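Let me begin by presenting the structure, written as structure tokens, before commenting on it.
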Amino acid sequence: IPPLVGQIIAGFLLGPPLADFVPFPEAMVLLGDLGLILLLVEAGIELDVGLVREAGIRPVLIAIAGSILPFSIGLGVALAQGKSIKSGIACGASFSPTSLGVAANALSGGSALNTPVGQLIVASAVIDDMIGLIILSMMEVLVAEEPALYEYFIPIVSWFAAQFVVHCILPLFKVENRPAVAFTLLWALLMAYLPMMYYSRASYLTGAFLAGLSFGQVEGVHHTFVQEAGVIMDWLLRIFFAASIGFQVPIKMFGSSHVVAWGFAFYTAVLGKLPVGLFAPKYDEETPKDYPFNPYVRDVVITSVAMTCRGEFSFIIAAFGIGEGLLDPELYSSIIFAVLLSSITSPIMLTVILKYY
């Protein structure tokens, strides 16, 4: 079970929804949001463009299908409750991303992370996260009253401009000094991106991701980032899941059969990712006769279950939805129930399958 589940549970048990034990909850939420920004910066730095390029078209197909199917089911469940289209979009978007962290942790425990199917899942989850960020950025514009067309393209144009600036400045310094210079430029770019995204009504989280992505191919930057900011980020993220997510969970609503029933209905959106395993390639042309199982079936099953893992981005999108008034507390509770259920069941199922094979 991923640690974030325990952190969220601690948040709604000790926070305003139940015990109201934590002083100054608004300050805790702010600290948690700083951790979220650092998480997105690291996600951008860690994005292995070469891995995605080498993996070919299959991870792209898995990611796209794995976003469309849960999104459609989540939207349909929300509309079945009589909710608006905007609320339905927020619901569907909450179930689109796959948690790379949760899936990778289970794959690593089963010694499958560095196998071909493991790398396929990693590449698919990376692209899935990028799609999730795009959806989140589009939702920022969705809540604007009269969004201008150019606002949709500001994040993309600004990223290309940042790439140009970075690659012009770094060659001016000695090779041994470039990681430190790049790390400094990273923070400068982040400080520029955050207000730019805010005033252009795009997601500041997209700005954080693009700031990290601008330095993803610069050698030594990720090591420097982890060394200088890793411990702080880990603690701030614990606060994020406890405060920014947990504090907003109306835990008393989990006692409502209506909320729980719709939570299980939303869980079908999680299961909507299962068919994407069919996109897994057949790595072994011929299976030995004495082989105990079909390797292709194994890869399909592992890919299917791994892509159902939910985590950080699902909670982030749901939190944005309730914060912007797209979700009411009851609907938000049902979504959190489904995502929490997935965060617990999917890693367990994946671990059992890996042990079986």
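Just so you know, the numbers here start at 1 and follow the chain as drawn.
Heads up, the Cβ atoms here are built off N, Cα and C, so glycines get one too.
The feature transmembrane segment, as given by TrEMBL for the ranges 228-251, 300-323, sits at 300-323. Counting C-beta pairs under 8 angstroms (sequence separation of 6 or more), the transmembrane segment (300-323) fails to reach the transmembrane segment (180-199), with fewer than 3 such pairs.
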